[in-house]
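Chemist: Can you keep this structure in mind? I'll have questions shortly.
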Amino acid sequence: MAKLLLIALAVLVALALLLRWRRPVWYWLSFGIVLAVVRVRFRYAAVMEACHLTVPASRMRRALARWMKKPVPQQRVPRLLWIRPTRTGLRLRIRMWPGQDAFEFAAASDRLRHSFGVHQVTSREIKPGVIEIALTGYDVLKRVQMPATTERDLLKIPLALVEDGSVHYRDYRQVPHSITVGAIGTGKSVTQRTLIKELASQPVALVGIDCKKGVELGPLARRFSALVDNPDDAADLLEALIARMEVIYDVIRRAQRISADTPDAEIAANIWDLPEDLRPVPIVVTIDEIAELALSTKKNDPRRDRIVKALVRLAQLGRAAGIFLDIYGQRFGSELGDGITMLRAQLTGRMVHRVNDESTAKMAFGDISPHAVFAAIQIPNERRGMAVVGYSTGEWVRIRTPHTTMRQAVAACNKYAHLVPDIPELARFGPLLDLAPVRAPAVAEAA
Ligand SMILES: Nc1ncnc2c1ncn2[C@@H]1O[C@H](COP(=O)(O)OP(=O)(O)OP(=O)(O)O)[C@@H](O)[C@H]1O
């Protein structure tokens, strides 16, 4: 009997080790959670003490213990309010003692990770005095698996997994305009595809500028209301979007005038405050490779100036009119010429894939956090699709997008082609559907 039990135990251990190596998600869900909960429950106080996250006992308690002739308490451990297992790790809610702050826990993340034997630890203050620590059981970014159920809302797209196992959303209503930079082949187009694939099923208009001859966005054209592949058309298209924006502002103004005369009526400040029958369809504009639009060999290039001026206006005023910008490029800095710094200030969403030089990361995060700059340079070469996202609050996270293939994105765009809305101002920029037959490029004959 004992022999049988021993064999069963050995098989179980072997299975756990195999799963841990080959299928970390299954390992976590079968063995990892239980072991981690037990470890945290038993070692919590010792770990807090070892990580210097305790505070001395109050004078009153020490005096009381002395008076009652009991052992004098030395340190107080912050109270563990609850432990919650998740798909990828554990969350601990902790009440800090007076005198402790969130920074101490953030600074101790590495020590906590080591002491609890988990892959990673992050922490954030939930409310004054209460901190939530996220323990990640395994390297969730190694193979990205998005949860089966994510929040789905208009213009809120589950874009990637965060390293603590949570989902990173691209929420256009919260962060209307964004810039995504990264070196060649680091995953910008896949990020773009993931967003478009998810947006395709929503009641929004998609507009694209792809001056890499439409290679990235061309195959998705059936779901686009407007798509251009050269800087001349891009300048016209951006000005048409401004014309559209002005029409929408007129609608908002007229609605304001009507509601101003109606007591207690809501005064509209943007398209979301308008009644549904008046609300214009939101527009998401994707621009692939900003350098193709903004970089010019001429000193005063009127076309370039038109483009940058239009982009700055859209970024400044587009939000209320429901016009959102997603700009992609290998770099995004003053070397692209006048007006780019002004444009960058309006693009509050910042995402950086692996970059080769610090200056590119600084362009994106210099005004957010020096730690984010460092994290962007540290992204390993083989982790394509991994990126750092920074927020204007100074916070930043590491994320990785799922590998959306062009086939998946094309299938979604074709499936929802019937959702392309009619936008009169954009009608003349019909998507690039009429391609000439494919021929191999001519090759000079050998002499
Ligand atoms: N999220 C991801 N997961 C796994 N592999 C990825 C991911 N994103 C990108 N890759 C891999 O990296 C390759 C290059 O990605 P992508 O074309 O998106 O790079 P890019 O930054 O757009 O490059 P370029 O600047 O040349 O357009 C892809 O073909 C794919 O194999």
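Just so you know, glycine gets a Cβ as well, placed from its N, Cα and C.
Annotations for this protein, taken from TrEMBL, read as follows:
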TRANSMEM  26-42  transmembrane segment
DOMAIN    164-362  domain 'FtsK'
BINDING   G182, A183, I184, G185, T186, G187, K188, S189  ATP binding site
Chemist: Taking the Cβ of G182 (ATP binding site) as the centre, count every other Cβ atom within 10 Å, in any protein chain shown.
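Modeler: Here the count is 29.
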Chemist: Mind telling me which of the binding-site residues G185, S189 has the densest Cβ neighbourhood, counting other Cβ atoms within 10 Å?
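Modeler: In terms of Cβ crowding, the pick is S189.
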Chemist: Quick check: which same-chain residues outside G182, A183, I184, G185, T186, G187, K188, S189 lie with their CB within 8 A of the centre of the ATP site CB atoms?
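Modeler: For the ATP site the neighbour list reads Q330, H353, R354, R384.
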Chemist: For ligand 1, which among the binding-site residues A183, G185, K188 have a CB under 6 Å from it?
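Modeler: Near the molecule: G185, K188.
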Chemist: Since the record lists A183, I184 as binding-site residues, which of them has the fewest other Cβ atoms within 10 Å of its Cβ?
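Modeler: Comparing Cβ neighbours within 10 Å for the binding-site residues A183, I184, I184 has the fewest.
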Chemist: Tell me which residues of the chain lie with their Cβ under 8 angstroms from that of T186 (ATP binding site), as long as they are six or more apart in sequence?
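Modeler: Correct list: H353, R354, V355, I379, R384, G385.
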Chemist: Who sits close to K188 (ATP binding site): which same-chain residues at least 6 apart have their Cβ under 8 Å from its Cβ?
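Modeler: K188 (ATP binding site) has long-range Cβ partners T180, V181, G182, Y328, H353.
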Chemist: Mean pLDDT over the domain 'FtsK' (164-362): what is the value?
Modeler: 88
